[in-house]
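What TrEMBL annotates here:
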- 14-281: domain 'G-protein coupled receptors family 2 profile 2' (DOMAIN)
- 16-37: transmembrane segment (TRANSMEM)
- 49-67: transmembrane segment (TRANSMEM)
- 87-106: transmembrane segment (TRANSMEM)
- 118-140: transmembrane segment (TRANSMEM)
- 166-190: transmembrane segment (TRANSMEM)
- 225-245: transmembrane segment (TRANSMEM)
- 257-280: transmembrane segment (TRANSMEM)
- 309-334: region 'Disordered' (REGION)
- 311-328: compositional bias 'Basic and acidic residues' (COMPBIAS)
């Protein structure tokens, strides 16, 4: 890197947009975690992998929210802490995204059974490697203030580090670029296999017309999981663009639109996953809406009962039952 660009000024409007993105991602990731915890019948292996991705995105949204809110202008203890958390969660999100694509490839294309051994490998790689990199970066004092040229207010790799480019690669960019290459290849192979399977099935459809409906090996959830890499690339590409512009020492890195897209791209992964796998998945959406409706009905019933207890009407006076004075009149008239 030939020189240092001046710090990128983060405007209030840009901060608000990125903070909203963080909140939406936090809510989306939380909703994915809640649906997994509340409904055991939906705990398939693909959704289990999605759960771990959501946990990484949840921590990422929290750490980014604090960083954007603070808009650090120097290296401090909370800057290092926030940078470490975001580095770990962000890198872990990369690995879980690639793990999901690899799982789909193994199960759909190869047709190989997957046991707990593969899941253990995913855990070791997707949590262990990011943790090791983050601990090393903090121990060597590589995490700190980065002038928002490769971030949006939060802390990442310290500008004072002479080997900052190397640590930018190790703490995120090399895994991000690797995902750009690996995910499309796996996605294309999976898609080609599904298309071939559908074509082969269509040839025998007249023969099977009276047979029970054929249940494909790939569920709707599996097919939607393929969209995770696509959304990942669309969201993350802006971070890579600003990283390359920073390496080229280009002032375009401070373009307001790029800054906003970078901020949204790094923080909205959890919200995008929630839209796909909660709001756009009929089974989960139906369960969620029915639960919300039941809660609303119970709340209305409780409020009505409470109001009836507070506003209990007085016993009505019977017009046919005479009062004392009227009794005297009636008795005298008889």
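One-based numbering along the chain as shown.
Glycine residues also receive a Cβ, built from the backbone N, Cα and C atoms like all the rest.
Residues 43, 47-48, 50-51, 54-55, 57-58, 60-62, 64-65, 68-69, 152-153, 260, 263-264, 267-275, 277-278, 284, 287-288 of the same chain sit 6 or more residues outside the transmembrane segment (16-37) yet have a Cβ under 8 Å from a Cβ within it.
Beyond the ends of the transmembrane segment (257-280), by six or more residues, the same chain brings 8, 10, 14, 17-18, 21-22, 24-29, 31-32, 35, 47, 50, 53-54, 57-58, 60-61, 64-65, 68, 90, 93, 148, 151-153, 221, 224, 227-228, 231-232, 234-239, 241-242, 245, 288 to within a C-beta distance below 8 angstroms of the stretch. Note on the domain 'G-protein coupled receptors family 2 profile 2' (14-281): its mean pLDDT in the predicted model is 86.
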